[in-house]
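*Asks:* Pasting the relevant annotations from TrEMBL:
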type: BINDING; residues: 79, 82, 84, 86, 88, 97; note: Ca(2+) 1 binding site
type: BINDING; residues: 169; note: substrate binding site
type: BINDING; residues: 199; note: heme b binding site
type: BINDING; residues: 256; note: Ca(2+) 2 binding site
type: DISULFID; residues: 47-123; note: disulfide bond
type: DISULFID; residues: 80-85; note: disulfide bond
type: DISULFID; residues: 129-332; note: disulfide bond
type: DISULFID; residues: 206-238; note: disulfide bond
type: DOMAIN; residues: 35-336; note: domain 'Plant heme peroxidase family profile'
type: SIGNAL; residues: 1-26; note: signal peptide
type: SITE; residues: 74; note: site 'Transition state stabilizer'
């Protein structure tokens, strides 16, 4: 793939060998047609240093708060997996996408808003919020230990969606339900298993795991697939939810990395030892392909890093707006029609 102003070619499925014994069908590139460009703003001579401006701002934020890496990862996922990577999740409003129950606790908005302000002062009306979100996420997770994968640009910003349009699944679904959801977005089992590895960083609310701890599938018992030591540790942090208005504490998705927010393959080792915090993560062991991939990534961090680079690029290409579609927002929080209102 040449790094110049070329559109992505049609890329076919190949068979990837895992651990020398199994094969998994997985894509080797982006789903066509995707009319994104390598270094779009430099090639089109519209904002030559856009990516440098974004990286500088991310570095400043990251020095003060390493949690921006998992926050931006979740924000990008919540944007791309709903209606495509069009920055609609950034829009404010009483019934906006970001107010959906699945988006409770989303963070990273302040970072994107600051970057947009900087770019508007240097290249007014040129750089989309959708590209800012993709580039800023790449830079933040790279600082946390992920590969600095290529982000092709030229996205435009979409309009508002209501909270009801958000179809992000529960973190307690089965692996088959999870795979069906990823497939519906044009992603495959390798993408799914890789992207769930983003749970090597960040936090989740106790309400997302309390059923696993106390009443799994209305059994009155914890999830039998969860390590008993982990059950005890999480029960200490997450008491039963018995009262209305009860606090909902946050716990680390990967206690091994905790507050360091480092990108690592320890997530996969935890899945293999039945120490995954979320049910959807533990479910990776119950599909032949995702289990093989999990074993491969637990054994080799570089394999995970390489797959992560491709999976993030594939997710970042979902239903993008280019050309004359959409708009370039002046403020990521509002559409241009409402700018200054």
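Using N, Cα and C of the backbone, Cβ positions are placed for all residues, glycine too.
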*Asks:* In Å, rounded, how far does the Cα of residue 80 (disulfide bond) sit from the Cα of residue 97 (Ca(2+) 1 binding site)?
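*Replies:* Spelling it out, the Cα of residue 80 (disulfide bond) and the Cα of residue 97 (Ca(2+) 1 binding site) are 12 Å apart.
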*Asks:* To which of the recorded positions 47, 82, 85, 129, 332 does the lowest count of other Cβ atoms within 10 Å belong?
*Replies:* 47
*Asks:* Averaging the per-residue pLDDT over the domain 'Plant heme peroxidase family profile' (35-336), what integer do you get?
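*Replies:* Summarising the domain 'Plant heme peroxidase family profile' (35-336) by its mean pLDDT gives 94.
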*Asks:* Can you check which residue among the binding-site residues 79, 256 has the largest number of Cβ atoms within 10 Å of its own?
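*Replies:* Of 79, 256, the one with the most crowded Cβ is 79.
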*Asks:* Can you grab the distance from residue 169 (substrate binding site) over to residue 123 (disulfide bond)? Cα atoms, rounded to a whole Å.
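*Replies:* Just about 38 Å between their Cα atoms.
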*Asks:* When the Cα-Cα distance from residue 74 (site 'Transition state stabilizer') is computed for each of the binding-site residues 88, 199, 256, which gives the smallest value?
*Replies:* 199
*Asks:* By CA distance, which of the recorded positions (47, 123, 129, 256, 332) lies nearest to residue 84 (Ca(2+) 1 binding site)?
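*Replies:* Closest by Cα: 129.
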*Asks:* Distance between residue 238 (disulfide bond) and residue 256 (Ca(2+) 2 binding site) at the Cα atoms, whole Å?
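*Replies:* With distance taken Cα to Cα, residue 256 (Ca(2+) 2 binding site) is 18 Å from residue 238 (disulfide bond).
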*Asks:* Just the number: how many Å between the Cα atoms of residue 86 (Ca(2+) 1 binding site) and residue 199 (heme b binding site)?
*Replies:* 23
*Asks:* Looking only at C-alpha atoms, tell me how far residue 332 (disulfide bond) is from residue 47 (disulfide bond), rounded to the nearest Å.
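*Replies:* So the alpha carbons of residue 332 (disulfide bond) and residue 47 (disulfide bond) sit roughly 18 Å from each other.
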*Asks:* Got a sec? Which of these binding-site residues, 86, 97, has the most Cβ atoms within 10 Å?
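*Replies:* Neighbour-count leader: 86.
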